[in-house]
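Record features (TrEMBL):
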type	residues	note
TRANSMEM	35-62	transmembrane segment
TRANSMEM	74-92	transmembrane segment
TRANSMEM	99-119	transmembrane segment
TRANSMEM	146-166	transmembrane segment
TRANSMEM	196-216	transmembrane segment
TRANSMEM	222-245	transmembrane segment
TRANSMEM	338-358	transmembrane segment
TRANSMEM	389-409	transmembrane segment
TRANSMEM	460-485	transmembrane segment
TRANSMEM	497-522	transmembrane segment
TRANSMEM	542-562	transmembrane segment
Amino acid sequence: MDVESRAAAPEAEDVTVDWRGQPCRAHRHGGMRAAIFVLGIQAFEIMAIAAVGNNLITYVFGEMHFPLPQAANVVTNFVGTIFLLALLGGFLSDSYLGCFWTILTFGFVELSGFILLSLQAHLPQLKPPPCSMVASAGGGCEKARGFKATVFFLALYLVALGSGCLKPNMIAHGADQFDAAAPGGAGRLSTYFNSAYFSFCAGELVALTALVWVQTHSGMDVGFGISAAAMAAGLLSLVSGAALYRNKPPRGSIFTPIARVFVAAYSKRKQVCPSRSNSVNAGGACEPARLAGNFRHNNKFRFLDKACIRVAQQGPNTKPESPWRLCTVAEVQQAKTLLAVTPIFACTIVFNTVLAQLQTFSVQQGSAMDTSLLPGSSFHIPPASLQGIPYAMMLALVPAYELLLVPLMKRATGTRSGITPLQRIGVGLGTVAFSMVAAADVERRRRGAAAGGHRMSVLWVVPQFLVFGVSEMFTAVGLIEFFYTQACAGMQAFLTALTYCSYAFGFYLSSVLVSLVNRVTARHGVGGWLGDNDLNKDRLDLFYWMLAALSVLNFFCFLLCARWYNAGVDGSDAAAASGQVAAEGVDGKEII
């Protein structure tokens, strides 16, 4: 029995080419001058999709006449589908199309969805007759059905398909413009991720202020039409930088090698790995601590190491073993990486469930309050625009973070990026519970005021958005940087897509929790906490308290998962146990 010797071959070097397929030149391709065009489509795309998604509940409830719980689920399912489809976009990019062509193709799919959505909102024959859901308590309004509902959902999910497949590739394509292995490359890459979040905040802010105002005062059809125009501008920005891009060619299906590892490991489950280094070839997977010491997860998932065991001795006339029975070390490391990041991914799901509430029930919460900017003022704040407040704050905080906090943390911790990705995630997950605490307290006060015939100012809901904005700045950027930097070659777009997949599961979990809470709390023919179309009769405050408790529990789960992820290459977690924070992982990638 031997270990596959070809496993010693190093992982193929990342090759980048220009738009003509020629090798890139460092002084002509890539860098921030190329990434700026990708940041452009990021800003325009998020502007377009945020203007639709963040105010969609108003359209579904007020014009399509879905009851409030169903309208909330339509929104969360739509947003969840966008983020789940990010996996498809990442897979197609890494395996077959490459980032640029995936963005361009699905950008036009998303544009067609916006155009159809605008037409559906503009033509009366594609909508139910106008009716006030609040005045009629939902009972006298005709709900969109049949062909009208079909056109609506077709447009909606064309947008979801396009946006979902774009999201991971925009991030990955921008990051591909930087060589992290070059001197100072890691710092420039971290700066890019902060710039990408700044671009995201700018797009969100414009969407939640100017575009939502247009939707409110000029109609949803005009608002959706502007989203289509913004998407077209984004595609123009992408194409404008084509000559400057560093493009990573696709490497074929990323799932097949991973599947081969599990099949090969299972077929050799009864084999025993050699225990002495002189009984295996250099580069074998069965003595990872010595033979592949620069890989962090060597001592995790050791059962997969058996995929590299060669059962039969090789000779001149010996037929090579099938790739489904004998794998390379690079393939085993790819499979281990995917398994290792899964617990970190799972710990961010509850965080995104909180985000779902801010895009649904918190908007309706604002609608039930006094939306005047000042007492007696004729200017009213569209409730959906409240979500723009944290993004306005982030436009100031992100540069301050990059220019002030990062240099300070570099000196304090000795890490290249100042604060490691897992530390950023931990800070965000640790503070998000306070957003739900603030939301629950405001809702309790709002219900009390409504019972006395008064309406609280809508500005009272600002704190819950502000706290979540700070949490998202840490969690979202940290998670994207974590997945991109931990990915093996050829998996960057797919692992980046896991960030958005976390959003998907968070929004789907929100739908499940809404339905489950209503079922559990309903009694004696009375609706549950969220079973009425009137928030004055619902108990949204108790639902928020439940999410705050879940967020605290989730934070402690994350601490355990991060401790396990950072276990030393020898399988120990002595450093973590002693309270030390490692600045660098054994494979050169920063850890918490």
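Including glycine, each Cβ sits where the backbone N, Cα and C put it.
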(message) Check for me, if you would, whether the transmembrane segment (146-166) reaches the transmembrane segment (74-92) - at least 3 Cβ pairs under 8 Å, residues 6 or more apart in sequence.
(response) yes
(message) Checking distant contacts: for the transmembrane segment (35-62), what same-chain residues at least six beyond its ends satisfy Cβ-Cβ under 8 A?
(response) 68, 71-72, 74-75, 78-79, 82, 103, 107, 110, 114, 117, 121, 133, 159, 163, 166, 170-171, 173-174, 177-178, 192, 195-196, 199-200, 202-204, 206-208, 211-212, 215, 220, 223-224, 226-228, 230-231, 233-235, 237-238, 240-241, 244-245, 359-360, 363-364, 367, 382-384, 387
(message) Do any residues, 6 or more residues outside the transmembrane segment (389-409), come within under 8 Å Cβ-to-Cβ of it, and if so which ones?
(response) 190-191, 194, 197-198, 201-202, 204-205, 208, 415, 417-419, 462, 465-466, 468-470, 472-473
(request) Spell out yes or no: are there three or more C-beta pairs under 8 angstroms between the transmembrane segment (497-522) and the transmembrane segment (338-358), with each pair 6 or more apart in sequence? (result) yes
(message) At a threshold of under 8 Å on Cβ distances, which of 99-119, 338-358, 460-485, 542-562 pairs most often with the transmembrane segment (222-245)?
(response) 99-119
